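A.B. asks: Annotations per TrEMBL:
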DOMAIN    B:535-589  domain 'PAC'
DOMAIN    B:604-712  domain 'HPt'
MOD_RES   B:H649  phosphohistidine
TRANSMEM  B:6-28  transmembrane segment
TRANSMEM  B:49-76  transmembrane segment
TRANSMEM  B:88-110  transmembrane segment
TRANSMEM  B:117-137  transmembrane segment
TRANSMEM  B:157-178  transmembrane segment
TRANSMEM  B:199-216  transmembrane segment
TRANSMEM  B:228-254  transmembrane segment
TRANSMEM  B:261-280  transmembrane segment
TRANSMEM  B:286-303  transmembrane segment
TRANSMEM  B:345-373  transmembrane segment
Amino acid sequence: MTEEELRGFIQVVTNYFESISGEKAVMGLPYVKGAGSTLGDYTGLIGISGSRKGGIYFTTGRPLLEEFAYIILGEAVQDDDYLYDLVGEITNTIAGNMRETFGSTFLISIPIVLRGRVTDIDMKLKPPVFIIPITWKHHNSHLAIGLE
Amino acid sequence: MEHSTVDFIWILFTGTLVFSMQAGFAMVESGLTRSKNSINVAIKNLTDFGISLALFWIIGFALMFGPSVAGLFGFSDVAPNLKDPWEAAFFFFQAMFCSTSATIVSGAVAERMRFSSYLVGTMLLSGLLYPFIGHWAWGGALGGEKGWLAAKGFVDFAGSTVVHSLGAWVALAALLVLGPRLGRFSQDGSVNPINGSSIPQAVLGVMLLWFGWIGFNGGSTLTLSPAVAGIILRTMLAGAAGMLATLGVGWILYKKPEVSLVLNGSLAGLVAVTAGAHALDERGAILVGAIGGLVMLGGASLLRRLRIDDAVDAIPVHLFAGAWGTLAVGLFGKSELLNTGLSRISQIIVQLEGIAVTGLAVFTVSLVFFTLFNKISPIRVTRDDETAGLNMAEHGVSTEINSLFITMDQQARTGDLSLRAPVEPFTEAGQIAGMYNTVLNKLQDSTIEKGEYLNILHNIRDGLFLLDKNRCLGRYHSQSLHQLFDREQLSGISLDEATASFMDGETRRLMQEFLDVAFDASVPWRQVERCNPLKEVRLHFDDRTGSFTERIYDFQFTRIENPDGSIERLMVVVRDLTDKIHLEEQLEKDRENNRREIELLQKMLHIDPITLKTFIGSAKKHIENINEELRNPRPNAKERLELIYCYSHSIKGDAEIIGLEHLAQKAEELEQLVPKLERADTLNPEDFLPMVLACSELMDMITTIEQMFDTWQSHSAAIQKVMTGSAPKHTSSLTELARMAERLAARYTKEVRLFYDSFNMAILHGSRGKHIIDILVQFIRNSVYHGVEVPDERIKHGKPRHGSIILKSEQLPGKIRLIYRDDGRGLHPEVIAAAAVKKGLISASEATRIGPREAAELMFRPGFSSADNPDRVAGKGVGMTLVRRRIKELGAALRIGSVPGKYLEFTIDIPESEEVLDA
């Protein structure tokens, strides 16, 4: 894992937020993930394969998603299933953007969405896993990157 | 009336001849229909004879020849005893005629009429229809009043109308209710010939009928008079004329001399002359016969056009020719022989009247009867029965060709090639069955062969398939290919499409290029093989859970050439080498890991386990602290950075002491990131990315060492116990320090030794001891780098080659005193002052006033270093800061003493309490 690659992945995510909402998403201090789950309410998981293997997930809570949905739809959304789909869409778009950036190096899979504290998500990511906190409109979320 | 013996002989003889016509009808009909119905047709012929005979006796004869009731029907005893010999003979003769009429129906309705329904029809005909019409035309022949048609002058000598057309009218009515046979008429209007089982048999039948006709016409005079000769002659002539006329015209019309033309033509001629054989001359007979044949042709064509299926053309022969013959009596009959007293016109009219009335009455009654009867009980057999054949369906009898048929049908349905048809010897069907079985044997052999090939394809583990010139897969391929390519549909698909889901575009492009060359016959195979891009190719399969699985396949190609050298196909074998190659890679990785571990282990063996354990513990704690600073950063960035620096510096130092060079290097890298960040104007979180990477690498290393240590410990624990008792404890910390000093010195081509002078090891315990060691390490570094001179210089100054560092400890009330002294250069205030000025820490003027005390203080200022070439070990001016910190944490006091050129001494007074203050 190189610094460029880390930056690349982070940028895809922060740019995405900016492009949709006009407001930048800001990363916090990166750190190494310890044991224990750090998942929010919804998590989008993207598998990576090819020359190196591992995965990335983006996890966040309801507040961010509800505000995000509000921006897209123009009205308040509380429905669980809708938010689930929204996470899927977000992750899909991010995965697509990752493919554009890294497509020649890695195979980026079709993402899947998980709800709640899923325990075996760590199996998809190869340690060491870096956690990048991402703040958007004061809402917390983070990106976990675990690639060989 | 008196009848002569000759009359008796004649009437009985001719009656017998007419009886033989039953055999003729049977042969004609069964010869012209299919063998699956042959039994049914034949038995109908015999059965209707019995029924008609019985019914004619019971009631028919009385109706026909009994005393007339208004000329419509006769009436006398039912089931009579015929006492009068002539009456008996007459009955016999007439009964044969009745049976003839009845049996005409069986041919027309053949192959689909229910046996039971046919018999009922026969009863109607022989019990009702024939006697009535017969009465009208021939009533009074035994004496008494004539039937009304006869009274009018209607002449039908031997029964063209009464017998032949009557039977045919009934048949026609039945045909309309029955419908045509399956497959006889197509949707598009074409007529499909249904060929008879044996034409030779039909021919024989016709001959027999002709033979019988001698009696039919010859006996109708009821007496053997000279006129009979002429009648018989004319009968024969008419038959011949009918045959020839039909054959000639038919041959021209249909381009071929069809058999039916000859058969039916003769019969038509005979039927036509039957009405007037007694009143025509020879030429007339020929004319009537010939025209009769042609009328028959026309009738047959008309029926086909109307889609009425007459199985043996009985209606054209008996109805059309019969009607013509009856009419011809009026046209050509000699009036003096007719003996009716009617003019020609009148005669013709009467003839027509007879034809019409008969037709109307018989057809109408039959039609109504069959229609009604059909509603109660269908007169037609079921579709399946008709297809199976009436032999089987109606009579449960089979011909041997049927068994062959059954076997073949079963085989067609089940595909079971092991069945064989039964062979009836000496039969045509048996011959066919025998040949059929031979064919099956051959087929079974080749199928078994094919079965073997398919077996191989089904079970082989490698993927095996053929590629045609269009780069498409063939129809047959190994079953395993479906799993290998993760795909259901493979036949006929191009290789590019088949591999698209798991092979990347670039590889597929190379594959296409390779295939182009492979199919190019002008390129020698050896060259082609060399550019195979799919040897041990890495492929990625979507496992449909958000990630990919890597598999490694090997594709081998072989050319399949035509005799002319062009390439017909490529044969491809695909092997899954994933497990083998992953195993190899794993082995290599393990070997590499083992090597590293052994290296590490060798290093660790030189280290005291307790020291190592302590190191590991503290290193872990430090690195976690660093990570924690990133995870929950304190707001003051400067402090954050400083802390990170200190922690990494600690790890570095510790690692160096115990000799873990790699780890120390890694810690240094991490440490060095801090100044960069400190110098930056603005700090962004991104800037910490290199740091987190380095942090994780360091974590990794520490974890590896920890794991190895644990493994090693668990092994050596036993050994330790056996050997010396307890592992060396406290002294080894000092040994470590000593070794570190020696190593460091060597790096700078100096020699240094560490000595202890009543040093209390115990003070090196615990967290306090750790701090003290930290301090000592810095001191030693400092001594090696700054203080101790190179051996040559020392000798010049009259010192021993090696520098000495002495550690001493003293117990004082409430505190412990630690004394560190090296016999190096000592402090040169002016050197220090100069460096401080250079560093901008003091002004030049201040520098002049620097004494030893101030110099010592300067030494401890952050960033100060009087070294020229700072390196990893020393000279960066930070070690002393750490010392200062540690001293603070210990709550200790530091004094420095020095004589320039002679020694440098640090004295630390540490309070007794075990607690260490955290800065």
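Note that the numbers count up from 1, one per residue, in the order the chain is shown.
From the backbone N, Cα and C atoms, a Cβ is placed for every residue, glycine too.
Just tell me what is around each of these and how deep it sits.
C.D. replies: On the 0 to 100 pLDDT scale, the domain 'HPt' (B:604-712) averages 87 in this prediction.
Long-range Cβ contacts of the transmembrane segment (B:6-28) within its own chain (Cβ-Cβ under 8 Å, at least 6 residues beyond either end) map to 41-42, 45-46, 49, 85-86, 89-90, 92-93, 96-97, 99-100, 103-104, 106-107, 201-202, 204-216, 218-219, 222-224, 228, 263, 312.
Sequence-distant contacts of the transmembrane segment (B:88-110), counting only residues of its own chain at least 6 positions beyond either end whose CB sits under 8 Å from a CB of the stretch, comprise 8, 11-12, 14-15, 18-19, 21-22, 25, 28-29, 32-33, 37, 40-41, 44-45, 48-49, 51-53, 56-57, 60-61, 64-65, 82, 118, 121-122, 125-126, 130-131, 134, 141-142, 159, 162-164, 166-168, 170-172, 174-175, 178, 216, 219, 222, 310-312, 314-315, 318.
Same-chain neighbours of the transmembrane segment (B:157-178): 97, 100-105, 107-109, 112-113, 121, 124-125, 129-130, 133-134, 137-138, 216-217, 220, 271-272, 274-279, 308-310, 314-315, 317-319, 321-323, 325-326, 329, 354-355, 358-359, 362-363, 366-367, 369-371, 374, 379-380, counting only residues six or more beyond its ends whose CB sits under 8 Å from a CB of the stretch.
Sequence-distant neighbours of the transmembrane segment (B:199-216) (same chain, 6+ residues past either end, Cβ-Cβ under 8 Å): 13-21, 23-32, 97, 100, 158, 232, 235-236, 239, 259, 263, 266-267, 270, 274.
Long-range contacts of the transmembrane segment (B:228-254) within the same chain: residues 10, 210, 213-214, 216-218, 220-221, 261-262, 264-270, 272-274, 277-278, 280-282, 284-294, 296-297, 321, each at least 6 residues beyond the stretch ends and with a Cβ under 8 Å from a Cβ of the stretch.
Beyond its flanks by at least six residues, the transmembrane segment (B:286-303) meets 237-246, 249-250, 253, 261, 264-273, 276, 280, 309-310, 313, 315-317, 319-321, 323-325, 328, 332 of its own chain at Cβ-Cβ distances under 8 Å.
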A.B. asks: Could you check if the transmembrane segment (B:345-373) is in contact with the transmembrane segment (B:117-137), meaning 3+ Cβ pairs under 8 Å among residue pairs at least 6 apart in sequence?
C.D. replies: yes
A.B. asks: Kindly report the helix/strand/coil residue split of the domain 'PAC' (B:535-589) according to DSSP, in that order.
C.D. replies: 12 helix, 30 strand, 13 coil
A.B. asks: CB neighbours of B:H649 (phosphohistidine) within 10 A?
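C.D. replies: Taking all protein chains shown, B:H649 (phosphohistidine) has 22 Cβ neighbours within 10 Å.
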